[in-house]
Amino acid sequence: MTVVIGFEGSANKIGVGIVRDGEVLSNPRRTYITPPGQGFLPSETARHHRSVILTVLKEALEEAGLKPADVDCVAYTKGPGMGAPLVTVALVARTVAQLWGKPLLGVNHCIGHIEMGRLITQANNPTVLYVSGGNTQVIAYSERRYRIFGETIDIAVGNCLDRFARVIKISNDPSPGYNIEQMAKKGTQYVELPYTVKGMDVSFSGILSYIEVRCRAFKWELSSALSCIETLFSMLVEITERAMAHCSSQEVLIVGGVGCNLRLQEMMGVMCKERGAKLFATDESFCIDNGAMIAQAGWEMFRSGQTTELSDSWITQRYRTDEVEVTWRD
């Protein structure tokens with residue numbers, strides 16, 4: 001039996017998870033929450049992570065009922081993400097690996113989301129929609145790579161929602177996207193917004209600029225919340241369906257923090273039903289950044305013979321999903 005501990009801290013979540021042969025033994029995390037109208041800066045986020053990471057590590061071990069000697073490998077998020085938080089987590093993971101005398105593994109953040117989604121939902125070979133604060137990609141596996149079929153050409157969908165939340169100064173607790181979703185349920189009027197799909201790629205900056213101007217001028221927060229998520233999610237469903245057609249796929253897996261949005265799951269479910277396809281999604285415990293997803297990807301990598309030398313255990317803010325050789329799948 002192989003036990004892997006995973007450290008995740010690429011954005012405002014810090015998590016430590018432990019996985020043993022497909023079983024999540026523990027997955028505690030903390031979230032850095034800023035006041036309404038404010039985003040989170042890399043330096044302040046890293047300071048938050050430093051203040052709680054050892055506590056979260058202790059919780060993970062206690063919840064799993066394990067000791068350091070029981071762990072076979074230490075995995076950490078190599079990237080992509082925010083520089084200072086990534087460095088903070090990498091330093092702790094490197095230190096733990098050396099203190100415990102365990103192999104180290106740098107994991108791609110997106111691959112972590114995909115492998116956790118595949119584990120929890122048991123999806124076989126899905127078309128993946130990866131939507132988060134920093135990433136928006138449509139992905140499918142082929143020939144030992146997770147190939148990117150389409151992506152945002154400017155800002156990520158989660159970043160668009162975060163910045164919209166700042167404009168109307170709503171709470172960041174538990175997350176801006178969740179609070180916007182609750183506001184949208186009260187909206188009664190759909191207002192047409194810029195809809196920008198370019199082939200397989202999408203653009204969200206025009207929508208954000210338009211909403212910022214309209215909100216300041218007319219104070220139509222509820223209608224803008226409704227219109228915002230309906231437009232953004234329609235764009236995502238369109239490019240996902242196009243990728244499914246290209247790959248002859250009958251499965252869709254939604255991963256990433258925005259993926260726990262129930263309206264997005266509902267819209268994607270309608271599309272899948274019309275195509276006779278199946279939708280796979282998870283709740284916030286696994287959609288939102290967490291340590292177990294890094295542990296699970298690390299488990300797959302470690303079992304296929306991969307490790308990361310200490311001299312190569314750096315981080316990178318730009319780590320493409322398709323850069324990773326997927327040695328653990330046929």
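Cβ atoms here come from the backbone N, Cα and C positions, even for glycine.
Taken from TrEMBL, the feature domain 'Gcp-like' applies to 29-295.
Per TrEMBL, divalent metal cation binding site is recorded for His109, His113, Tyr130, Asp289. Long-range Cβ proximity for Asp289 (divalent metal cation binding site), meaning a same-chain Cβ under 8 A and a gap of 6 or more residues, is found for Glu8, Ser10, Ala11, Lys13, Gly15, Arg29, His109, Ser132, Gly257.
The feature substrate binding site is assigned by TrEMBL to Tyr130, Val131, Ser132, Gly133, Gly134, Asp162, Gly177, Glu181, Asn261. Around Asn261 (substrate binding site), the C-beta neighbours below 8 angstroms that are at least 6 residues distant in the chain are Gly177, Tyr178, Glu181, Ile229, Phe233.
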Sparsest Cβ surroundings (other CB atoms within 10 Å) among the binding-site residues Gly134, Gly177: Gly134
Residue among binding-site residues His109, His113 with least C-beta crowding, 10 angstrom cut-off: His109
Between Gly134 (substrate binding site) and His113 (divalent metal cation binding site): CA-CA distance (Å): 13
Non-site residues, in chain order, whose CB comes within 8 A of the mean position of the CB atoms of His109, His113, Tyr130, Asp289 at divalent metal cation: Ser10, Cys110, Gly112, Ile114, Ser132, Asn135, Val255, Gly256, Gly257, Met293
Protein Cβ atoms within 10 Å of Tyr130 (divalent metal cation binding site), excluding its own: 26
